[in-house]
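Participant: Shown below is the structure under consideration.
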Amino acid sequence: MIDPFKRLARKGLFLFDPETAHGMSIAALKSGLVPACQLTPDPRLRQTVAGLTFENPLGMAAGYDKNAEVPEALLKLGFGFTEIGTVTPKPQSGNPRPRIFRLVEDEGVINRLGFNNEGHDAAFGRLAALRGGGMIGVNIGANKDSEDRIADYVAGIRRFYSVARYFTANISSPNTPGLRDLQGRESLAVLLSAVLAARDEMGAASGRKIPVFLKIAPDLTEEGMDDIAAEALSHALDGLIVSNTTLSRDGLKDQRQAKETGGLSGVPLFEKSTAVLARMRKRVGPDLPIIGVGGVSSAETALEKIRAGADLVQLYSCMVYEGPGLAGDVVRGLSKLLDREKAASIRELRDTRVDYWAARKV
């Protein structure tokens, strides 16, 4: 339940269009106006995933800090990790504005941003200047006008290898024409071979192997999920992120905004993304790391992702409605839920509802 102060702050921000409000929130984080979250570390939330140790399982999803402007400020809000990007080799302006739409009744967001970002060099410069050593992932993509999109992903691996703790290859945004075609089995095999070969080459030269995750769409057929699982396993991919935004508009109250093109995120994405997460967990088995994202708005929904098969979870859109204190609320809430469950580690609860979610019709 949103408290009166948060409600007032939200009302003020909502006087501005969503993209302007987003820019204001970045500026506030840069200036230090947003207070840091004081969390007591809970060893039950700490776990090692893909060879990396996370202090807690909650991350900020890609899309908020596209240009690596505030990664350390985000970590101070209580996130155990954050993911910058999506970044493309060359700067690009994205699609025409307006391109972000709030669905207030649904607590959802539709965006058709189109990978707007300042390019590799700008983001790299900011990350290289950091001294904190926080858990910061880099989400890489392809330029809209690229003649060789796979080469763009390889370029991302090479450019950010010295500053990334992990990589995410984003092939599932619905806002770059043809990008989701890379999820097809033949294209995916070529992409994974190229990206992982670049990672292995850079790893051999540097002495450190950086994990690579693949971010997939929720709008996959059963065959599509089969293909992605098979290629992920055969290429020894380090993990999956499930899922990106959806093109579906099922069950929305705000039918006026629902007509806008773009990807839907926030609360309306929770059930669909969680069902796809569980189906992918059943396909890839217990060992491949999965980050669950889509509609996480509370400790309860974060834990439900974990019960459905996620090792870690991410959020973004729900912070639009709940404010910057959401991360701390979720992490503290997870500790309370572990108390209730009498669990010694959050890992004990993973997969406990995977069958339920895999069977959900969405």
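Just so you know, glycine gets a Cβ as well, placed from its N, Cα and C.
Keep in mind that this is a model prediction, so the values were computed, not measured.
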Participant: Per Swiss-Prot, which of Lys30, Lys66, Lys282, Lys305 sits in the substrate site along with Asn111, Arg112, Leu113, Gly114, Phe115, Asn170, Asn175, Asn244, Thr245?
Facilitator: Lys66
Participant: Check Swiss-Prot: it lists Ala62, Gly63, Tyr64, Asp65, Lys66, Thr86, Asn139, Asn170, Lys215, Ser243, Gly266, Tyr316, Ser317 as binding FMN. Then name which of Gly32, Gly119, Gly295 it lists for that same site.
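Facilitator: Site partner of Ala62, Gly63, Tyr64, Asp65, Lys66, Thr86, Asn139, Asn170, Lys215, Ser243, Gly266, Tyr316, Ser317 for FMN, according to Swiss-Prot: Gly295.
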Participant: For Tyr64 (FMN binding site), which DSSP three-state class applies?
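Facilitator: In the DSSP reduction, Tyr64 (FMN binding site) maps to coil.
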Participant: Around the Cβ of Tyr64 (FMN binding site), how many other Cβ atoms lie within 10 Å? Please give the count over every shown protein chain.
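Facilitator: For Tyr64 (FMN binding site), the count of other Cβ atoms within 10 Å is 22.
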Participant: In whole Å, note down how far the CA of Asn244 (substrate binding site) lies from the CA of Gly266 (FMN binding site).
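Facilitator: With the alpha carbons as reference points, the distance is 11 Å.
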Participant: Between Lys66 (FMN binding site) and Asn170 (substrate binding site), what is the CA-CA distance rounded to a whole number of Å?
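Facilitator: Taking the Cα atoms only, Lys66 (FMN binding site) lies 13 Å from Asn170 (substrate binding site).
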